[in-house]
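Each remark here refers to the structure printed beneath this line.
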Amino acid sequence: RTKRDVCELPFEEGPCFAAIRVYAYNAKTGDCEQLTYGGCEGNGNRFATLEDCDNACARY
């Protein structure tokens, strides 16, 4: 997958309950948003920091 492909994926919180704060790119708004990730499964549209999300997606 390319960065563009990952950034266009919808955020998936996954089925677990770890409640980890992450950032994901919202292709509809063109912004990275803070969301809660469950800690397992999900997809590549998940970044540890806002800066990582912006670097990968907001400027592609």
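Heads up, the Cβ atoms here are built off N, Cα and C, so glycines get one too.
Noted from Swiss-Prot: C32 is disulfide-bonded to C53, selected from C7, C16, C53.
Swiss-Prot records a disulfide bond between C40 and C16, which is the match among C7, C16.
Within 10 Å of C32 (disulfide bond), counting CA to CA, the disulfide-bonded residues C16, C40, C57 contribute C57.
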